[in-house]
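A.B. asks: Copying in the features that TrEMBL gives for the protein in this structure:
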DOMAIN    B:38-348  domain 'AB hydrolase-1'
ACT_SITE  B:Ser143  active site, nucleophile
BINDING   B:Arg213, B:Asp343  substrate binding site
ACT_SITE  B:Asp309  active site
ACT_SITE  B:His342  active site
Protein chains: 2
Amino acid sequence: MTIRVGEDQPIRLDSGLELGPVTVAYQTMGRLNADRSNVIVICHALTGDQFVAGIHPVTGKPGWWDRLVGPGKVIDTNRFFVLCANVLGGCMGTTGPRDINPATGRPWGLGFPVITIGDMVTVQARLLDALGIDQVFCVIGGSMGGMQVLEWATAYPERVFAAVPIAASYRHSAQNIAFHEVGRQAIMADPNWHGGAYHEHGVTPHSGLAVARMTAHITYLSETALHRKFGRRLQNREAITYGFDADFQVESYLRHQGSTFVDRFDANAYLYITRAMDYFDLATEHGGKLANAFRHTPARFCVISFSSDWLFPTVESRAIVHALNSVAANVSFVEVESDKGHDAFLLEEPEFHETLRGFLDGAARHRGLPALAPEAV
Amino acid sequence: MTIRVGEDQPIRLDSGLELGPVTVAYQTMGRLNADRSNVIVICHALTGDQFVAGIHPVTGKPGWWDRLVGPGKVIDTNRFFVLCANVLGGCMGTTGPRDINPATGRPWGLGFPVITIGDMVTVQARLLDALGIDQVFCVIGGSMGGMQVLEWATAYPERVFAAVPIAASYRHSAQNIAFHEVGRQAIMADPNWHGGAYHEHGVTPHSGLAVARMTAHITYLSETALHRKFGRRLQNREAITYGFDADFQVESYLRHQGSTFVDRFDANAYLYITRAMDYFDLATEHGGKLANAFRHTPARFCVISFSSDWLFPTVESRAIVHALNSVAANVSFVEVESDKGHDAFLLEEPEFHETLRGFLDGAARHRGLPALAPEAV
């Protein structure tokens, strides 16, 4: 589904520029109850999209959180009305650099304004306005999705009843900015990038985007997970070939990750979304003190991290929890023992799933939501 | 200095191919004593070279171990005869893919045979043969240099009196192979690479090599070091610019690392040397049991790691120490507390320097080397 927001009043971006109207592509699952109190907003990560569950229309594979979202699952669509929108700057239907700039009649390319996590959330808030939803029962997201959760709870405290930032941070670290910068440089070094105007040249910077994805992908896994999954095992051969083919399974896997990614993602969108993550710094936005960000939020939080996540390590989640505690917010915190690295939030992790199920159940009781599906009430 | 080895008898490579003659570029410091017993061989890392100390002729900066090597320093050139050779496959004078293939009269490019850490050490052994040096007092090296140290001690046990592998591993991990593969893919994706034949096209794959270097450089530092050094500080500006310039100091630093590296390094050499590291696996080479590799070495070892090194973490050094212990080798092990990451072996780390000084002093006493400089004896 798509909707247009900002037709009457354009979106005022953090950069000071105005953008509008903006198309928002989103998916919903489940049924909105009579008092519109059972809404769960899911925020997706850097390369995610609105196709959370079910079969993805582009890849033909299950959605990125299919194991968590659906009837009877942890995020139970028999009970909750689940909504997920493609982020501003994305490439799955929401306005982004691939779309036509109405002022020129040509694709935006690098003419698209640089956006922030705050801008992404502003657009989601406009979407909820359009749908007549005042308050969200829970906002949930991992990684960049978790950044949006924090932004939601601090920018719209009155609209968020509960918030679950998973494997996230309140500000992007120097190391993470560095990895993003490598990815951007790889894209920009691709001659097919053409300063961002590749659509007009009828080409795409596949090679650069694949290298960017390969680099990022390593950071999503733990060393242990890579070792367990691949170790030094060879790819369909008895011995090393003394060459530059993918002798090792881990090389073959990475090349595959790179080459399949370019079929579903836009290089400029990758630039814009990584930049939004780099810019995210909730402390600086609130006078240098993270606790200030949470001063007015009544939301109950469940902060979740994974022990082997070195991209968004537990120490970052702990900083969020400390800040929440220092303003006496309602917060629980779980570090899930896992050796799967950052990607754990997408994978089979029973402890994580039980934590989320329990929190949603408890929060729903506090909110007065019936245990049964709305249509059964 | 350069010397040619393998003129009579070519080098038999691990791949089964033969190569020769091979030019070896090397530097020496200090004076060889009468019984040739005071030789320290230093093995350089991936992007290092033979210019260990003094002013580097290409960069105009001090050599990579200038703080450790020199008269009166930890590796005291008043006492020891220090020798360091550019590795086989390198680009600082030793035969590598940039050189002319005598069979074709054109640069080797990808026609150069794929080499191994073992091949690098074979060439160094030939160099010592040519210099009339039978036994080395000590072989020392960090990172890939440490791999060569291990190779020296296991392939030529009778020629090594003492061995110091620093921040090294007995086999390259899946994660490290993955990071190397990303770097190689970045180089190969650069259209100026021309399948390795860029010299013949009068161009160089600068962009790809810079991206490879940027990725690798992140892995040389710890998250803590990056945070301390840069954090989220901005580069010569008051506020973020909402663009893709290097807003953050860490971006500017990385871009600088990339762009200066391409002035001193050859892209194909980068491919070959990273491949040699990936292939290194001392356990597999010895029937799957690392201890077997050390069964015949009489050398005394000092294994050194750094607590914040996540590229060659302490657990890898510990595996070497366990294997050495299991064959009752003479080994001491120090994990140096440092927050500087893998690069710590190149930096000011007093505990590391004192460890090395003490070990060299003790080993020299065991070897019967006088405490004074050879010329003073």
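Glycine residues also receive a Cβ, built from the backbone N, Cα and C atoms like all the rest.
What TrEMBL says about a protein is an automatic prediction, not a curated fact.
Note that this is a predicted model, so its numbers are computed, not measured.
Quick one: where do these features end up spatially?
C.D. replies: Mean pLDDT, taken over the domain 'AB hydrolase-1' (B:38-348), works out to 97 on the 0 to 100 scale.
Cβ environment of B:Ser143 (active site, nucleophile): B:Ala45, B:Leu46, B:Ile166, B:Ala167, B:Ala168, B:Leu311, B:Phe312, B:His342, B:Phe345 lie under 8 Å away, each six or more residues apart in the same chain. According to its DSSP assignment, B:Ser143 (active site, nucleophile) is coil.
Less than 8 angstroms from the CB of B:Arg213 (substrate binding site) sit B:Thr47, B:Gly183, B:Gln257, B:Gly258, B:Phe261, B:Val262, B:Phe265, each of them six or more residues away in the same chain. Taken residue by residue with DSSP, B:Arg213 (substrate binding site) is part of a helix.
Other Cβ atoms within 10 Å of the Cβ of B:Asp309 (active site) number 28 in total over all chains.
With a 10 A radius on its CB, B:His342 (active site) counts 25 other CB atoms from all the protein chains. DSSP classifies B:His342 (active site) as helix under the three-state reduction.
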A.B. asks: Roughly how many angstrom lie between the C-alpha atoms of B:Asp309 (active site) and B:Asp343 (substrate binding site)?
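C.D. replies: About 8 Å separates the two Cα atoms.
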A.B. asks: Residues with Cβ closer than 8 Å to the Cβ of B:Asp343 (substrate binding site), same chain and 6+ apart in sequence?
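C.D. replies: Result: B:Tyr220, B:Leu221, B:Ala225.
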